[in-house]
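Below is one structure, written out as structure tokens; the observations come after it.
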Amino acid sequence: MLNPPQTAVLVGFESAGKSTIFSRLTGNRVGEEAAAQGSTVMVQTGMTTDADLTLIDTPGIRLKTDSETTRIALMEADHADIIVLVVRGTHARSELDRLLKEDIITHRRWMVLFTFEDRAPESLPQLMAYYRQRLEVPVISVNARDMSEEGRRRIIRLMRGAEAQEQQRQLKEPPIFHEVEPPTTWWDHPIFGRWVALATLLGLFAVPVYGAYLFSGVLEPGLDRWVIGPIRLQAMGWPAWLQAVLAGDYGLFTLGMYSFLWAFPVVLFMGASIAVTEETGWKDRITGALDPWLRHLRLNGRDLVPVLTGFGCNVVAVLQSRACSACTRASCVSFIAFGSACSYQIGATLSLFHSAGRPWLFLPYLLLLVVVGAIHLRVWFPTQAKMQALLPHRRSFLNVPTWRGFQWRIQNIIKQFVSQAMPIFLSICLIASLIDYWGWMNAFAVTIGPLLTWWGLPEEAALGLWFSVLRKDGMLVFNQGDGLMLQALDPVSLFILIFLASTLTACLVTLWTVRKELGWSVSVGLMGRQLLTSLVSAGVLLVVGRLLEGVSMMVTG
């Protein structure tokens with residue numbers, strides 16, 4: 001009987017290059033050359049290309065904190081046959097000493113792999129020789145971004161040749177080693193750094209959103225004239241049910257295509273922006289600079305990574321919140337659900353404001369999401385993050401993005417959109433078209449329709465609110481009938497409708513992910529708190545909006 005393959009686990013601090021090593025040794029480009037802290041949240045497993053060896057990439061260890069990622073990494077190390085300590089060559093002595101104190105290698109086969117060989121000081125070879133002699137384990141250094149085939153094979157040979165030790169060796173009088181710190185940037189400036197980081201952050205998200213809006217606006221007339229229009233004419237001779245499903249107000253070829261036009265460019269352009277921040281290491285510098293300000297929101301710099309990821313996908317962001325401290329994880333997830341408008345939600349709201357002829361409302365809408373989200377945290381999480389001490393910030397090296405790493409991320413975004421998001425939304429279109437064909441729309445309107453009048457909204461908006469709970473881009477059903485309902489609303493009512501559809505609850509997939517990660521009580525509590533905040537905020541918006549309208553009429557009258 002064949003012996004099962006041995007397991008080697010990569011263990012190290014954040015930004016040590018574990019994901020890049022993993023991709024080189026397995027031929028898998030997942031996480032290739034990523035410089036963002038916390039880029040690996042889920043454990044990745046793969047086989048080395050030329051050896052019977054299973055390789056596991058773990059999240060970065062964080063000492064002096066209680067994150068879920070640290071627990072996962074240590075747990076994986078406890079079950080592995082071989083432990084590979086991955087350490088930045090620029091900080092070889094301090095980081096290896098800290099890892100050795102974790103006592104994860106006693107009675108285990110292990111080795112040391114130093115990364116950033118090209119940026120390490122000239123004294124690294126001398127320090128490596130010292131470790132080989134004192135620790136009696138394989139020690140090697142590599143430049144993971146430019147690893148040769150021979151270097152890859154050598155690492156695998158050393159892994160398989162690693163031997164166990166009965167007790168940990170004592171390190172005495174190591175050679176002098178001057179660590180190399182990443183160069184400072186404008187983001188690290190003590191006075192202007194936070195403002196530069198904030199401006200960079202706004203630019204990274206404002207530019208792709210505006211670009212997507214312009215792109216979709218240019219293509220929309222052609223789509224209406226050359227695609228949707230002919231389909232509707234052709235469908236006039238079809239059976240009534242087929243016409244409703246494919247070419248009706250909620251049809252797959254009408255509402256579905258229109259929604260794709262407005263959602264996909266936002267997903268693609270924002271995904272490209274996020275990929276740039278991760279590939280270059282900007283995300284780490286920005287989070288470090290904004291950490292003091294985030295403390296006022298009951299968050300910290302670590303929480304900014306999943307919050308930013310939430311603008312791509314809330315589900316992925318909830319998983320990345322494992323890297324947060326236990327003190328702030330609940331508040332981080334709550335802000336993701338309320339204030340991090342996922343790319344599908346952004347695409348949908350852009351489409352709705354455009355259909356209503358009021359695209360200028362989009363920027364106030366985004367600003368209000370963040371402001372109300374911050375108030376939401378201050379109200380529901382009044383003490384979190386106050387007791388958490390400021391942790392020392394580890395600056396990552398900035399890198400020139402590589403086309404392979406950037407391309408891999410974009411391909412993943414497209415695949416996720418096509419295989420996950422669009423099938424769900426097309427299912428919503430199918431269900432909505434059948435409900436419309438069978439004449440059941442009024443039944444849905446009756447359930448919450450009368451309540452909508454309290455906020456000055458039409459009862460026929462009830463169906464869109466229901467679908468927005470399933471998925472945030474479900475609100476695109478408001479576009480039915482070429483957006484006639486939206487165009488009939490005044491600016492205040494339109495704004496409140498889209499705000500409610502965005503914030504009443506997180507989408508069901510996000511809520512289910514929160515339930516899996518944090519339990520039923522947290523998921524239900526998050527939904528209840530968000531529902532209450534959304535309704536109260538909408539009420540305040542209605543009062544303020546009507547007052548401003550009254551003042552405007554008095555001034556102009």
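In case you wondered, yes, glycine gets a Cβ from its N, Cα and C as well.
It is 526-548, from the ranges 227-249, 526-548, that TrEMBL records as transmembrane segment. A contact links the transmembrane segment (491-514) to the transmembrane segment (332-354), because at least 3 Cβ pairs that are 6 or more residues apart lie under 8 A. Listed as Cβ neighbours of the transmembrane segment (360-381) (distance under 8 Å, sequence separation of 6 or more from its ends, same chain) are residues 213, 297-299, 330-331, 334-335, 338-339, 341, 346, 349-350, 353, 491, 494-495, 498-499, 502-503, 529-530, 533, 537, 541. Outside the transmembrane segment (332-354) by six or more residues, the chain places 209, 212-213, 216-217, 220, 258-259, 261-267, 270-271, 297, 299, 303, 306-314, 317-318, 321, 324, 360-362, 365-366, 369-370, 372-374, 376-377, 380-381, 421, 425, 471-476, 478-479, 483, 486, 494, 498, 502-503, 505-506, 510-511, 514, 517-518, 522, 526, 529-530, 533-534 with a CB less than 8 A from a CB of the stretch. With helix defined as DSSP H, G or I and strand as E or B, the domain 'Nucleoside transporter/FeoB GTPase Gate' (419-520) counts 88 helix, 0 strand, 14 coil.
The predicted model assigns the domain 'Nucleoside transporter/FeoB GTPase Gate' (419-520) a mean pLDDT of 83.
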